[in-house]
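Undergrad: A single structure is presented below for examination.
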Amino acid sequence: MGAKGWVVLKLLMFQSLFVSQSQEDFDFFYLVVQWPGAYCDTKRACCYPTSGKPDADFGIHGLWPNYKDGSWPSNCDPDSQFDRTQIEDLVSSMKKNWPTLSCPSNEGFEFWEHEWEKHGTCSESVMDQHEYFENALKLKDKANLLQILTNSGINPDDGFYGLSEITKAIKDGIGFTPGIQCNKDPERNAQLYQIYLCVDTSGTEFIECPVLPRGRCPAQLQFAKF
Ligand code: AMP
């Protein structure tokens, strides 16, 4: 091979290195939001954050990289520690939109650290720590789920609503079918616990879900007061 050939080959090798490094190692994200009333009315203890009772609104649980086969990566980079100095400008919004409910009462950093370490570190090929939290906040804001539901007459009033009615309201509002997850209150009634929305690998656009999580919801479910 002549000198020119070598240069072309080296360029190609360099390019393939670059392409393989920038490729995502997951297929899509779930944005998982949670109804605080359903986290708090189970037998498990719930503690309001130090800033007080959260708004009666869906709170972010996490932005989770996932595979199309339903499995997911976790704890991908033990060297990438949660660093609160990188998200200082987001903390007040996180306290409002990503409230911790675990006990003992705390500000939320433990919850956010857990989400970063378990899920966020698996999306480092496409976003850094600041972008990870910022993208989740923007997506939650864009989804506006409580407004979508209340506009369809589905209110957090301890009433029972059809699973298909809830699913349809969200599909009509966002354009994509959500995953709905239930848990049980102390009277063993199934209730709306978490909503899963699928997001593209850039972490910015909602997409149709490649696979929906198993939601354990019956045809009628309660929407708990909070
Ligand atoms: P994950 O590990 O991200 O799949 O989420 C499950 C963990 O998050 C469990 O340990 C839950 O108890 C915890 N968790 C879920 N929701 C909250 C919340 N609002 N505040 C604090 N911890 C939570």
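The backbone N, Cα and C atoms fix where each Cβ goes, glycine too.
From TrEMBL, here are the annotated features:
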type     : residues : note
SIGNAL   : 1-22     : signal peptide
ACT_SITE : His61    : active site
ACT_SITE : Glu115   : active site
ACT_SITE : His119   : active site
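In terms of burial and nearby residues, how do these features look in this structure?
TA: Sequence-distant neighbours of His61 (active site): residues of the same chain at least 6 apart with a C-beta under 8 Å from its C-beta are Val32, Val33, Gln34, Glu115, Gln194. Under the three-state DSSP scheme, His61 (active site) falls in the strand class.
The DSSP secondary structure for Glu115 (active site) is helix.
Sequence-distant contacts of His119 (active site), defined as residues of its own chain at least six apart whose C-beta falls under 8 angstroms from its C-beta, comprise Gly62, Leu63, Trp64, Pro65, Trp72, Ser74.
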